[in-house]
Amino acid sequence: MTDLPDTDFTQRFIFDENDARGELVSLERSYAEVLAKHPYPEPVAQLLGELMAAASLLVGTMKFDGLLILQARSEGPVPMLMIECSSEREIRGLARYEADQIAPDATLSDLMANGVLAITVDPTEGQRYQGIVDLDGETLSDCFTNYFVMSQQVGTKFWLNADGKRARGLLLQQLPADRIKDDDERTDSWRKLTALAGTLTAEELLGLDNETILHRLYHEEAVRLFEEQSLRFNCSCSRERSANALVSLGLEDAQNLVVEHGGNIEIDCQFCNERYLFDAADVAQLFAGAGIDSPSDTRH
């Protein structure tokens, strides 16, 4: 059996004569998995894809074991977007939306009025870190670029696009002074690299392979492209986690829920639509300390 070609990956590159690095991301299968879980309107599907691309690029800039969480909230018809991407490069996402309030040509400001974006790093060991930025740019690309302008000294720019089938992203980031020591020359070099990237159209970013994109933008620069690093969709929900949520309620409340819901408590994962059912016997077993070894009923 022939392996399917990898459609979900990031790929780093570096400029040999400039103090800058970059990364490209392409998502197809994982993007399709996320969109298959809910009937997202096209503008929402595009935002989700762009946020998935951003999360994938951000994980590549961080050295940590744990989880990166991007959560956008607003007062608009898309009150919430959320993407989780682990250091193992597993990604999932979801959105909440009011379909009847979303026009086909809706912009970011239309969809997420008065929005804020929280970027959370939740390491396996150590303290959680969170940064917040207003969603006041014309695009998500602008918002992520603004976040780095406000929160870090290093220059960083994003270009993000998605069309419901493919999500792509490009990141450029300045490196510490090494090849170019003069401040003015460094500034000019960075401006040139970002200006060239700014000529890339959405159609080109979505439709061209990485080698072609880099040649199109930087054929006069010395660029080294590294190996691809795969990503995949994976949901971390489980029956055990759902059971732990029930235990946190306490025995009496859990038993009452069983009665109120006709003999079964149903816990749905909002990310993947997996459903976990617990009956009175399951609840009794949980609080007896035996855990849940086999589901009484689990279904998609």
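Numbers run from 1 along the shown chain.
Cβ coordinates are placed from backbone N, Cα and C, and glycine is handled just like the others.
Sequence annotations record features per position, and here Swiss-Prot assigns disulfide bond to C235-C237, C269-C272 based on sequence analysis.
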One finds that other Cβ atoms within 10 Å of the Cβ of C235 (disulfide bond) number exactly 18
Whole-Å Cα distance, C272 (disulfide bond) to C235 (disulfide bond), is 7
In all the protein chains shown, the tally of other Cβ atoms within 10 Å of the Cβ of C272 (disulfide bond) is 19
DSSP output for C272 (disulfide bond) maps to coil
